[in-house]
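Here's the structure, in structure tokens; my notes come after.
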Amino acid sequence: MTVEAIPISVKLRDDLIVDLELIDGDKMLEVNMTYAGTGRYLGFGWTSGSSGLMSGSESVIGTTGTGPPAKYELKTSNEDASGVVRMDKSKQSLQNSTWVESDGQTIMSFRKLVAEDGEISIRITDAMTFIWAVGEDEGFTTHRYFGSSSIQLLTGDVEILALPHKKNYLLHGVLAFLAWGVFTPIAIAASILKDFLQLFTGKTVWLKLHVYCNILSVIATTFAFSIVVNVYQQQKKVHFKSGAHQGIGLFLFIAATFQAFAGVFRPHLPKPKDPPASVEQDVIVDKKNNNNNNGEDNAVDEEDPPTSVSPLKKSQIRIVWEICHKVLGYVFLFVALWEVNDGIDHYGHKFGAKVDPYRTGFYAWIGSLLSVVVGLKLYMLHLPSKKTE
């Protein structure tokens with residue numbers, strides 16, 4: 001018994017629909033891809049396997065201002081377009097191929113034989129994996145959106161396949177947010193609120209908070225960086241050349257490592273001279289009276305040493321180091337906050353996810369932390385007599 005093919009309409013995204021229909025006795029596939037936008041290119045392809053990856057697939061790609069859509073081989077997943085190769089003229093057998101942009105809408109249409117010599121055959125008796133992409137440039141280097149679906153052309157059964165490495169990119173984003181949206185801002189806030197923390201929590205709490213949060217930031221940055229590098233390696237993509245986000249990510253990884261080493265190998269303050277006997281006796285008595293304070297108030301704060309014993313003068317190199325460390329910290333933080341926001345956009349575009357709630361939460365958290373820091377700093381400015389000696 002022969003099964004008659006039915007027209008299939010697949011909603012790939014809210015703004016992207018592809019209509020498929022077998023015609024001419026099931027020997028030819030008619031495709032109409034409609035995008036509610038003006039993408040630089042549209043691509044619709046097929047693969048012999050089920051991975052849904054570009055590498056090893058074939059596709060029809062249409063671009064703005066370059067004539068009708070044509071057939072391409074997708075040899076690798078590199079985003080420098082080196083793996084996207086236009087087929088030889090003798091293989092350009094598409095029929096009724098058109099590219100129309102009108103009223104903010106783009107439509108790519110074509111008809112293709114399901115079986116052609118030397119090409120991947122489009123199966124009609126069982127499920128076939130189709131891939132698609134909407135691009136941002138004419139060089140095929142940046143996908144605005146992409147995905148894959150398993151479609152049974154005879155029965156119309158459709159399954160939207162999970163995009164590869166989605167969990168990896170999500171984990172990458174979470175770790176990057178923790179590193180540069182949580183740990184680093186708190187570390188800097190601890191430094192800014194040094195006087196407040198010394199007054200209400202103990203002499204060294206601010207320094208411990210600053211150091212430990214920076215350590216956690218470096219750890220999270222390293223894992224976030226490693227995860228996405230591993231994904232690129234698996235997909236055989238060119239590293240750090242696909243856009244500003246990737247290049248800035250490399251910069252921040254180096255910056256985090258540099259700041260960590262700069263903190264460890266900072267020029268130290270001069271050690272205090274031996275105190276007079278009377279002062280030494282007072283220190284001993286003070287230590288005895290604070291034995292039950294977990295030793296916190298007895299710890300030496302290298303950033304703010306006891307000046308009652310002997311006044312210490314910072315060396316010139318120490319002063320320069322402090323200025324550079326703080327300025328670079330602020331610069332790296334501002335760049336990182338832009339990177340996190342850009343990363344939210346990338347995730348939304350790459351996987352078609354609704355990211356506005358995450359962006360709102362990110363802004364709310366940073367705004368709240370900034371408000372607390374400014375408020376406490378102003379509070380301390382009105383308490384000159386209560387600052388830690």
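Cβ atoms here come from the backbone N, Cα and C positions, even for glycine.
Please treat TrEMBL annotations as automatic predictions, because they have not gone through curation.
Fair warning: this is a prediction, and the values are worked out from it, not measured in the lab.
Here is what TrEMBL says about this protein:
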{"type": "DOMAIN", "residues": "14-135", "note": "domain 'DOMON'"}
{"type": "TRANSMEM", "residues": "169-190", "note": "transmembrane segment"}
{"type": "TRANSMEM", "residues": "211-232", "note": "transmembrane segment"}
{"type": "TRANSMEM", "residues": "244-265", "note": "transmembrane segment"}
{"type": "REGION", "residues": "286-310", "note": "region 'Disordered'"}
{"type": "TRANSMEM", "residues": "319-340", "note": "transmembrane segment"}
{"type": "TRANSMEM", "residues": "360-380", "note": "transmembrane segment"}
Same chain only, please: residues at least 6 beyond the ends of the transmembrane segment (319-340) with a C-beta under 8 Å from a C-beta of the stretch. Say none if there are none.
176-177, 179-181, 184-185, 188, 191, 245, 248-249, 251-252, 255-256, 258-259, 262-263, 266-267, 362, 366
If we skip the immediate neighbours and take only residues 6+ beyond the ends of the transmembrane segment (244-265), which ones have a Cβ under 8 Å from one of its Cβ atoms?
176, 179-180, 211, 214-215, 217-218, 221-222, 225, 228, 321, 324-325, 328-329, 332, 335-336, 338-339, 342-343, 346
Please work out the mean pLDDT for the residues of the domain 'DOMON' (14-135).
88
